[in-house]
Amino acid sequence: MKACTKKFGQNLLIQFEDFARRNAYYLLERYRNQFCVFNDDIQGTASVALAGLLACHKHTGRRLSAEKIVFFGAGSAAMGIAEMCAAQMEREGITRNDAYSRIYLMDSKGLITQNRLHMEKEHKPYAKAMPETGNLLQLIKIIQPTVLIGTSTVQGAFNEAIIRQMAELNLKPIIFALSNPTKNAECTAEQAIHWTNGEVLFASGSPFENVNYKGKLYKPGQGNNSYIFPGVGMAAILFRIRHIDNEIFLIAAQEVAKCVNEDDFKHKRLYP
């Protein structure tokens, strides 16, 4: 890092990409206040996911701080999104601890609870004082979330029973299948639309074709980081930003959500 800035100057922007989770967080925390640096897998992914969630407000009338969110998958992408959501909820007026209480994490071992041994540092604020379960459908029935986000890379993890349960609990269930490539998506756009009778607010990490259902055309939006990192990078260079904090990514998410127009709204597309 020092060699790069010595060669190219303090205004150099460095983007981290594709580090393993532990290295990603360690390196970001180590250097974020010393250099102009961000991690696109953590912050870019988080910002674009938040943009989609904020766009849901036009359909539900709820602010993010009123949502209850379950993450299926608790790697660097999920943790970045969770932290960004918690920060947005705090901006909306609730405490950070209250925000954490509205976010549930489930990984390959099951729900992350306070009873778990050898817990990752970034998981601790989200650990719940409740019985452990490795069954996603059972967890949904217990906590009754309004939002289900997949970052697990487990193809088909959001099966018909799970999606129908979300529809039973919510008039407009929010389901984001963010794993990519397409073959790793937790569900397809067509499945989410059909199994919720067309009521789902769906976004994905991979591209899906438009869906015709009961005479209505749905245009599922892809939460691609390209909505975020070019603008953040350009702003950092133009304004000579020395350190890129999460506030910048919150602003980016809000601006992307504002770009969702009436045509997008009509086709339940959550991205412009």
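Cβ atoms here come from the backbone N, Cα and C positions, even for glycine.
Going by what TrEMBL states, the divalent metal cation site holds Glu17, Asp18, and the candidate of Asp41, Asp98 recorded there is Asp41. On the 0 to 100 pLDDT scale, the model's mean across the domain 'Malic enzyme NAD-binding' (42-272) is 97. Listed in sequence order, the residues of the same chain lying 6 or more apart from Asp18 (divalent metal cation binding site) and placing their CB within less than 8 Å of its CB are Asp41. DSSP gives Asp41 (divalent metal cation binding site) a helix state. Listed in chain order, the residues near the divalent metal cation site other than Glu17, Asp18, Asp41 are Phe16, Phe19, Ala24, Asn39, Asp40, each with its Cβ within 8 Å of the site Cβ centroid. Long-range Cβ neighbours of Asn180 ((S)-malate binding site) (same chain, at least 6 residues apart, Cβ-Cβ under 8 Å): Gly205, Ser206. For Asn224 ((S)-malate binding site), the number of other Cβ atoms no farther than 10 Å from its own Cβ, over all displayed protein chains, is 17.
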